[in-house]
Structures are given as C-alpha cells and as structure tokens.
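Just passing along the structure, written as structure tokens.
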Amino acid sequence: MPDPKLAKDTIAAIATPPGDGGVGIVRISGPNSRIIASAVFRPAASTFADFKPYRLHYGHVLDAQGRELDDVLAAFMPGPNSYTGEDVVEINCHGGRAVLAAVLEEILDRGARLAERGEFTYRAFMHGRIDLSQAEAVAEMIHAPTKAAMHLAQVKLSGVLGETIQRLRQRLEGLRAQLVVAVDFPEDELECLPPEEMVAVCSSVRGEIEGLLAAVDRTRAWREGALVVLAGRVNAGKSSLMNALLGRNRAIVTDQPGTTRDYLEESINLGGLNIRLADTAGIRQTEDAVEAAGLEMGRELMDRADLVLLLADASEPFSEDVLTTAAGLDPARTLVVLNKADLPGFAEAHGAPLADMGMEAVTVSAKTGNGVDRLCERIRDRVLGGAGQPDPDEIAPNARQAKVLAEAGEELLLLEEDAMADIPYDLLSVRLETACDSLANITGEITSNEILNTIFDGFCIGK
C-alpha cells in the first residue's frame, strides 16, 4: 500500500549537485506542485494555467513581495507520466548556491516540504513507475565511476533484471500452485508433477540464478572499482610512483625517509577501470606513536586490498624487512615493483627471493617514468583476473541482490533434494514459497521497510 504521505505531501529539493554552476534545478513533486509553482513562477508570455506539459517555459521566480529572484525555465510534467508518477514541476535556474537556495526557500514557504534522501525515486517506486531493482540502478548510475559501470547500471535501469526475476518467479509460482492444489484437495486425487519434473523446473531456475551470480563476480571490478595499495620500505619510491601513476604531484617527495606517515588515497582510470590508489607509510621499526599508527593503518589497507604493489629498491639487495613483508602477503594479490631502474646498481636479480615466493615482478623507474605504462597494464590485468569488458547486455546484480539470489538458489537446491526423497508436498510448497519471496525482494514486491530505508537513504536529496 502506498505511503499515506504520498497523497498529501508535496516535496521539493535542489536536484543538481551543490556548488556553483551554469544551471541548477529545483524539483517539486506531489499533489500541490502546480499550485505552488504558479505562486512563485511568472511566465513571460502566458499564465501558468496555459502551460503545455513537457515543454520548457521562460519566466521569472518571484519572492513573496513580487520581486524577481531569477529568470528561469520551468516545465510541468503531470502524473502519472512523470518521474515520480505525481505532478512534477522542475525549475531551471542559474546554478549559484544563493540563487538555488532562494528559489527553494520560496517554494517551501508556499507549502512544500523539503524532500528526504531518495524520496523522489522512492515515490516513483511506490507509484509503480519503477521496481526496486530499477530504483537501485538509479543510485548506481549516479555513483558510476566509469563508463563501463554506467552501462551496467543502465541495463538494470531498463528493467531487464526485474523482468528476468519476474519470469523466474512465475515459473516457481506455477509449480507451487500445483503443489498447493494437491495438498488442499487430496480427495480429488489430482495428478501432481513427478519429482523428476519438479527437480527439472527448480534446476533450470537455479541455473539462471547461478548465471546471474557469475556475472556479479565477473563485473565486480568494473562496477565497484578496486583498491590498490602501495607498500614497501621507507624511501623505496612509493610516493614518487604514486605521482607517476597519477600523472601529477600528489604525494610529497624528498630525500628524507618516511615522508608519508599516514596514507594518501586517490582515484585513477586505467582503461575504463576505476582504481583507488593508496600510498601507505614506509615499513620500518619505529618508536613514534603517530608513525606506528600509520603503519598499522597501512597493514589494514593491505589486508583489504584487491592488489598490493610491493615496492622495492632494486638498486641494492633487498633488506630482511622487504622479505618479511612479502612473506606475509598473498602472491595472488601481490605485484612486486622493482623500482629505481635508472640507478647504476639496479639488478632484476635482486628480486629473485620474491620470485621464489611465486610473486610476479615489474621493473620501473618512478623517477623517469620508464616502465610505468607496463605497470599500469599489469595492474589492470591483475585486478580483472582475465575478465574482459562486460557484455553490453550483461545483467550484473549488486551485493544486496546477489545475497538474495544466493538464498533463493540454496532453497531450490534443498527443494530438489527433498523432492527426490519423497518429502510431503506441503513442505515442498513452503520451500518454494521461501524461494519466491526471496526473488520478490529484488523487485520490491515483498520488502521490509528496513531494507527500503537502507536503499533510499543511500541517495542524495533531490533524487
């Protein structure tokens, strides 16, 4: 049932990001949108009553004393054919903070309520304009760090995931209906599906679920990006390499060891892949409490990293500290960077002990930039693990959806085992109902308020 607030509340918010810009948008949605807009907006060539929907109209926003605040373009989109399914007005103003705040203030003074986080999209969901998977895709579009992530979100925004889930759920509901009839009307001796056919249906649905879950792992790096941590002894050149990878001076570089005591984090785009690059404090023994805290933070980052770049000064034999650090790392998540290839004493042979640990090594000079392009290629390849660009039509569930899909798949696997063990139909029906309810959680047909609050609280105000 729709939220009772939807019937009476008209909401408003600034829909564009904070900051100064050429254009900013104030959005109004709800039963009194048109009335409120007509009180603050004066069209240049007509009255608000003459507005043609879905067109931009030039005019001015007025304050309570009738003074012009800004010249704007306004559009009216009547429900149900609007984003929220309600009457919507969007006012395009100049994008300064003061202008947008003043326009919003006038709208709120006329009776609108400031929208909560994600409330416009929540209303679209509650009015049936989109399902819950599409609502989540809106947030994913907003936060997409790369073009690949944007395309993956767009596929779900089109409704394909919801349609797939509906189709799978309908197959299971059809099977459950037959079981319910057999349980409720045993005297009719209705013929039910043989266990083998029940298993075939469940196995087929489970196979499609497993395909969706495989896409989660296959596209994770494209959707979420990856954390790559630079680690190594002091003065190994981590900050220099950080700057070389970024293409600008972000980290302080000096001849004095231990310049970085905390950690720095920046994002770079490697061939369409978003990499969060963290430069950690140099590894060494220390009595300094601040530096020790920075080292501990670095160790925690290495534990969480998708890939650790273990930087080593290969102009001299490796110290025991480097070998000890390497011994505590997973070779599958470690790429050794043999730095300072520009120095006379450099020798790749210095990296032999790490090669014996099964670790791949790349040679670079962070100072001259030689080898950095090759390093970028290896970072990208290692993070992706051999996965190429996502298919244009790839359906990639997010973490919440994947968890629910896994639960449904597990329930179906148990049902298959129970069916072959001649478990009573009423118990099989309960398992089917549980699996169906799990799938319905993805589209929002069965979803708790707690889950809805978690999802929509992740939105910005104005979307």
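For all residues, glycine too, the Cβ spot is worked out from N, Cα and C.
Not my notes, these are from TrEMBL:
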type	residues	note
BINDING	Arg27, Glu90, Arg129, Lys463	(6S)-5-formyl-5,6,7,8-tetrahydrofolate binding site
DOMAIN	225-384	domain 'TrmE-type G'
BINDING	235-240, 254-260, 279-282, 339-342	GTP binding site
BINDING	Ser239, Thr260	Mg(2+) binding site
Would you measure the largest Cα separation among Arg27, Glu90, Arg129, Lys463 for the (6S)-5-formyl-5,6,7,8-tetrahydrofolate site and round it to whole Å?
18
So what's the average pLDDT for the domain 'TrmE-type G' (225-384)?
81
What's the number of neighbouring CB atoms sitting within 10 A of the CB on Asn235 (GTP binding site)?
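Cβ-Cβ neighbours of Asn235 (GTP binding site) within 10 Å number 18.
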Report the nearest neighbour of Asn235 (GTP binding site) in space among the binding-site residues Arg27, Arg129, Lys463, comparing Cα positions.
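Minimum Cα distance from Asn235 (GTP binding site) across Arg27, Arg129, Lys463 lands on Lys463.
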Which one is closest to Lys238 (GTP binding site) in space, judged by CA to CA distance, out of the binding-site residues Arg27, Glu90, Arg129, Lys463?
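Among Arg27, Glu90, Arg129, Lys463, Lys463.
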Same chain only, sequence gap of 6 or more: which residues have a CB within under 8 Å of the CB of Lys463 ((6S)-5-formyl-5,6,7,8-tetrahydrofolate binding site)?
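Expected: Ala15, Gly118, Phe120, Thr121, Val138, Ala139, Ile142.
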Give the distance between the Cα atoms of Arg27 ((6S)-5-formyl-5,6,7,8-tetrahydrofolate binding site) and Ser239 (Mg(2+) binding site), rounded to the nearest whole Å.
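Rounded to the nearest whole number, the Cα-Cα distance is 45 Å.
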Far apart in sequence but close in space: which same-chain residues, 6 or more away, have a Cβ under 8 Å from Arg129 ((6S)-5-formyl-5,6,7,8-tetrahydrofolate binding site)?
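Those within reach of Arg129 ((6S)-5-formyl-5,6,7,8-tetrahydrofolate binding site), by Cβ under 8 Å and sequence separation of 6 or more, are Pro80, Tyr83, Thr84, Gly85.
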